[in-house]
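I have placed the structure first, in the form of structure tokens, so that the comments after it can refer back to it.
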Amino acid sequence: SIVSGLVAQPSTLSPFYFMDGASVISALALKVQPGDKVLDLCAAPGGKSLVLATQLFARSSNTRNEEGLLVCNDFSKTRVRRLTDVLMKFLPGELFGADGPGPKIQITSADGCSYSNTMERRFAPFDKILVD
């Protein structure tokens with residue numbers, strides 16, 4: 001499953017997400033590491049964001065519990081609703097700040113072509129950016 005390795009998964013999470021292999025490859029090509037600050041600029045419908053979250057927040061015995069941030073953005077508000085639904089269905093609530101110190105995943109709807117936007121002011125600089 002795409003979310004294997006993430007923090008404790010309640011039984012209510014969906015076990016898998018079907019996606020095109022090219023989408024997986026583009027997300028893996030960033031070589032995201034735990035602790036990175038990552039922007040998925042055109043994130044909807046959410047498959048690549050799931051792959052990025054798996055890389056950022058996977059836990060193993062040799063991985064420190066580093067802080068990391070995944071900002072999932074899409075300009076279309078309709079697509080952001082779909083993105084939010086997908087992420088909430090497949091990822092633990094604690095990544096969104098539920099019962100935790102703060103969100104490790106932020107969902108935004110900003111124009112990526114605009115030099116000065118809320119997303120940039122709130123979260124930049126980023127270690128890695130996925131634009132597709």
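Glycine residues also receive a Cβ, built from the backbone N, Cα and C atoms like all the rest.
Where the annotation comes from TrEMBL, it is an automatic prediction and has not been curated.
When DSSP labels each residue, the domain 'SAM-dependent MTase RsmB/NOP-type' (1-132) comes out as 43 helix, 16 strand, 73 coil, counted as helix, strand and coil in that order. For 1-132, the entry in TrEMBL reads domain 'SAM-dependent MTase RsmB/NOP-type'.
Taken from TrEMBL, the feature S-adenosyl-L-methionine binding site applies to C42, A43, A44, P45, G46, G47, K48, D74, D111, D132. The Cβ of C42 (S-adenosyl-L-methionine binding site) has N73, D74, F75, G112, L130, V131, D132 as same-chain neighbours under 8 Å, each 6 or more residues away in sequence.
Of all the binding-site residues given, namely G46, K48, the one with the smallest number of surrounding CB atoms inside 10 A is K48. Spread of the S-adenosyl-L-methionine binding residues is 20 Å (greatest Cα-Cα distance among C42, A43, A44, P45, G46, G47, K48, D74, D111, D132). Neighbour count (other Cβ atoms within 10 Å of the Cβ, all protein chains): 11 for D111 (S-adenosyl-L-methionine binding site). Its own atom aside, the Cβ of A44 (S-adenosyl-L-methionine binding site) has 23 Cβ atoms within 10 angstroms in the protein chains shown.
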